[in-house]
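Q: Just lifted these from TrEMBL, have a look:
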ACT_SITE  H545  active site, proton donor
BINDING   W544, H545, P590, Q591  FAD binding site
DOMAIN    462-598  domain 'Glucose-methanol-choline oxidoreductase C-terminal'
SIGNAL    1-23  signal peptide
Amino acid sequence: MLGRFTSIAVAAYGLVTATAAGAQRIQSGVSTKASFDYVVIGGGTAGLVVASRLAEFASVAVIEAGGLYEVDNGNASTVPYLGITMPFLAADENYTPNSLMDWDLLSTPQVAAGNRRVHYAQGKTLGGSSAINSIGYHRATKGAYKRWADLVNDQSYTFDRILPYFKRSCALTPPDPKRRNAPNATVKFDPFACGNTPDNPLQVSWSHFVDAARTWLALALPAIGQPLSSKGFNGGELKGGAWIPGTVDAKDSTRSTSKNSYLRRILEKKKAQITIYLHSRATKIVFNDSKRATGVVVSSAQGEHVISAKKEVILSAGVFLSPQLLMLSGIGPAKTLSDFSINITSDLPGVGQNLWDQIFVGVTHGISPPASGAYLVSPEQKAIALEQYNANGTGPYSTGTGYMSFEKLPAQYRTNFSPRTATLLSQFPADWPEIENVPVGFPGGAFGVTTVGALSAILQTPSSRGNVTIRSANIADAPVINLGWLTDEADGEILVAALKRVREAWASPALANITVGPELFPGSAVTSDAAILNYIKNNAASIWHASATCKMGKAGDRSAVVDSKARVFGVKGLRVVDNSIPPFSLPGHPQASVYMLAEKIADDILKGR
Ligand SMILES: Cc1cc2nc3c(=O)[nH]c(=O)nc-3n(C[C@H](O)[C@H](O)[C@H](O)COP(=O)(O)OP(=O)(O)OC[C@H]3O[C@@H](n4cnc5c(N)ncnc54)[C@H](O)[C@@H]3O)c2cc1C
Ligand SMILES: *[C@@H]1O[C@H](CO)[C@@H](O)[C@H](O)[C@H]1NC(C)=O
Ligand SMILES: *[C@@H]1O[C@H](CO)[C@@H](O)[C@H](O)[C@H]1NC(C)=O
Ligand SMILES: *[C@@H]1O[C@H](CO)[C@@H](O)[C@H](O)[C@H]1NC(C)=O
Ligand SMILES: *[C@@H]1O[C@H](CO)[C@@H](O)[C@H](O)[C@H]1NC(C)=O
Ligand SMILES: *[C@@H]1O[C@H](CO)[C@@H](O)[C@H](O)[C@H]1NC(C)=O
Ligand SMILES: *[C@@H]1O[C@H](CO)[C@@H](O)[C@H](O)[C@H]1NC(C)=O
Ligand SMILES: *[C@@H]1O[C@H](CO)[C@@H](O)[C@H](O)[C@H]1NC(C)=O
C-alpha cells in the first residue's frame, strides 16, 4: 500500500518525469533479499551524489530511512522562505518536532553551556539535510584545504585539485537583475565557478528577493573594516563580505537538493541501474570472515532483509548516525564495543570522536526597514506573494540566502586573549577566518518594533571537541551526542571578543538612521566580560555544521577512521562518505564541500582507487 502511495507521490511531484520505469525504481521498504554492486546507506546529501555517479556504470541500491519530503513536508522543503522558517529548526530542547523530516536528536546536557540539551536537526528524508538546510552555497579557503591535504598526506585535496569536483557538482545561474529586487545588494561572483552542463546537476543561484532589513544591516560590516569581496566565496577565499548564492533553481526559485538534482538526473536515464528503498533503515553492516563488507541488514515495515553488496558498501548516514552504525557493526573503540557485547571487527578508537561544531551568538536591536516576513502577514499579502512566486519565482517567498562576512578579529579585540588562546589561533592557516558575521532581520511584533535586526558572530575556529557514542546495541536508541560546547575556554574568550566586535558594528554610523530603541539582546546590562561570557554560555546556538566524527587521516594514525579515499581502516569494501569524514570543520558552511567530496570519492571508486 505504501509502495503505491509512494509511486503516486513520485509521479505527482515530478521526481521522475514521465517514466513509469523510474517510479518503480523507488520502493517503500524492503520485502526480500537482493543483491547489487554497491549499497549506499543514507540517501542524503553525499549519499545520492555517490549513488548517482556509480549507477551509470554499475547496479546501486540506496537505503534511506526517511520518505519523500514533497509528501512529508509540503512546500517547506521546496519554497526557500518556508524552508528557513520551519518550526523544527530550533535548538531548544522544547522544540516543535517534525518527526517525518528530522531525526529528533538531542544532545547531552552541555556542562559548559548552561547545562542545556540541544536539539540538533538532521534531515531524515530522501535528500537528507540538503532538503532542510538554509541553502547557503560557498567554498572554504585554500589554506583550509591545504591543511586537509597535509593532515591526510594526500595533496589531491588542495584547492586547485578539488576544484574540478566542485565544478562537476554544480551549474551556476548568474543573478537576474530583472527578477532580483535588490540592486543595492551587489553580487560579485565568478561565472565559471560551476561546470554549467546538464551533467553538473546541483542548481546554484541567487535569491530573487532580498529584504530591506538585510540590505541595511549588511552596511554595518564594511563600516567596521570588512569590505565587500571582489570575487565572492567560491574561489578559495573567505575575506570580507558577499551576497552569496544558494542551492536554488533560478528558473522557479525552488530549492535544489541532492534528490531533485542528482537523483532526478539519473532516474531520467533509462539504463541507469538504481533502486531506492525508502522507509528502510540500515541496522548493521555485515562482513565475511576476511572482514570484507558484503551487505547491509535493513529493517522496514516488511521485516528484516539483507541487501548484498557485490563490490562495496558506502556509508553516508551523516555526522551522528554514521559513527553510530559503524559501532553497531563492530567498528569503533574496543571498550565501547565490548561494553555492549558487540563483536569487534575493527578497533578504531576515533569513531565518534573529534566532533567539531561551530556555535554562534547574536546582538539584536529594533530596526525600521522591513523583513520578508512583513510581506506575508495578511491573506491579501500572501495572495500577492503567491502570485509573484508562481508567476516567475519572485517576491518574498523566494527569500533565501543573504549576506555573510568573514574576518580574523582585529588587533584591538585580541589584547585580552590568554597566551594559550593566542597560540591556538595562530595555528590556523593565515586565510582561515576566526569569525563569520551574518546580518538578518525578522518581524519584530513581539518586541514592539517593526523588525528585529540580528547581527551574529559564528565561531570558525572552535577548539572544543565533542563526541558521539552508542547508548545500547540497538539502533532504535539514538546515539549519545556530547557537543562539547565551550568546554575549551578559548572558545568563550573568542566569542566574548566577537560579541564586542558586533556591538561596534551596531554602533557604526551606517546603522544610526535605522536603529530603534536600545539593544534588545544581550541588553545594555550585559557589559563585563564575565557577564558576556555568561550570556554566551546560556544562549549560544549551533549553525548546524557539526563535522568530523569519522575523520580522515594517515594510515597508522590511531585516531583516524578512513583513509584519504574514504576507506574504513581495518576492513575491506567499506567507505564512509559524508560530512563525518573531513578531518575538521571547514571554515564557513559545509554543503558545497560535501558535494565536492562525494564527487571526488565517487571518482576514486569508478577509477578503481
Ligand atoms: C538546519 C540545517 C541548516 C544548514 N544550513 C546550511 C547552509 O545554509 N549551507 C551549508 O553549506 N550547509 C548547511 N547545513 C549543513 C549541511 O546541510 C550538511 O552538512 C550536509 O547536508 C550533510 O550531508 P551528509 O551527506 O553528511 O548528511 P545528510 O544529508 O544528513 O544525509 C544523511 C542521510 O542518511 C539517512 N540515514 C541516517 N541513518 C540511516 C540508516 N541507519 N539507514 C538509512 N538511512 C539513514 C538520513 O535520513 C539522511 O537522509 C545545514 C544543516 C542543517 C541541519
Ligand atoms: C504550496 O502548496 C499548495 C498546494 O498544497 C499550493 O496551493 C501553494 O500555492 C504552494 N505554494 C506556496 C508558496 O505556499
Ligand atoms: C535597497 O533597496 C531596497 C529596494 O529599493 C530598499 O527598500 C532598501 O531600503 C535599500 N537599502 C539600502 C541600504 O539603501
Ligand atoms: C569475502 O568476500 C570476498 C569478496 O567476495 C572474497 O574474495 C573472500 O574470499 C571472502 N572471504 C571469505 C572468508 O569468505
Ligand atoms: C560474536 O562472535 C561469536 C564468535 O564468532 C559468535 O558466536 C556470536 O554469535 C557473535 N555475536 C554477535 C552478537 O554477532
Ligand atoms: C513577475 O511576475 C509578477 C506577478 O505576475 C509581475 O508583476 C512581474 O512583472 C514579473 N517580473 C518579471 C521580471 O517578469
Ligand atoms: C566525550 O567527552 C567527554 C568530555 O567532554 C568525556 O567525559 C566523555 O567520556 C567522552 N565520551 C566518549 C564516548 O568519548
Ligand atoms: C541619516 O539620515 C540623515 C537625514 O536624512 C542623512 O542626512 C544621513 O546621510 C543619513 N545617514 C546615513 C549613514 O545614511
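Yeah, the Cβs are placed from backbone N, Cα and C, and that goes for glycine too.
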Q: How long is the line from the C-alpha of Q591 (FAD binding site) to the C-alpha of H545 (active site, proton donor), rounded to the nearest angstrom?
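A: Rounded to a whole number, the Cα-Cα distance is 9 Å.
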Q: Which one is it: of the recorded positions W544, H545, P590, Q591, which Cβ has the fewest other Cβ atoms within 10 Å in this structure?
A: W544
Q: I need the CA-to-CA distance for H545 (active site, proton donor) versus P590 (FAD binding site), whole Å please.
A: 7
Q: Express the predicted model's confidence over the domain 'Glucose-methanol-choline oxidoreductase C-terminal' (462-598) as a mean pLDDT, rounded to an integer.
A: 98
Q: Other residues near the FAD site, CB within 8 A of the CB centroid of W544, H545, P590, Q591?
A: S129, N133, I543, A546, S547, N579, H589, V594
Q: Can you give the largest Cα to Cα distance in Å, as a whole number, for the residues W544, H545, P590, Q591 that bind FAD in the record?
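A: About 11 Å separates the two most distant Cα atoms.
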Q: When DSSP is mapped onto helix/strand/coil, what comes out for Q591 (FAD binding site)?
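A: For Q591 (FAD binding site) - judged by DSSP and reduced to three states - the answer is helix.
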Q: From the recorded positions listed here (W544, H545, P590, Q591), select those whose CB sits under 6 A from an atom of ligand 4.
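A: If the test is a Cβ under 6 Å from any atom of ligand 4, the answer is none.
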Q: Looking only at the domain 'Glucose-methanol-choline oxidoreductase C-terminal' (462-598), how are its residues distributed among DSSP helix, strand and coil?
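A: Within the domain 'Glucose-methanol-choline oxidoreductase C-terminal' (462-598) the tally stands at 40 helix, 25 strand, 72 coil.
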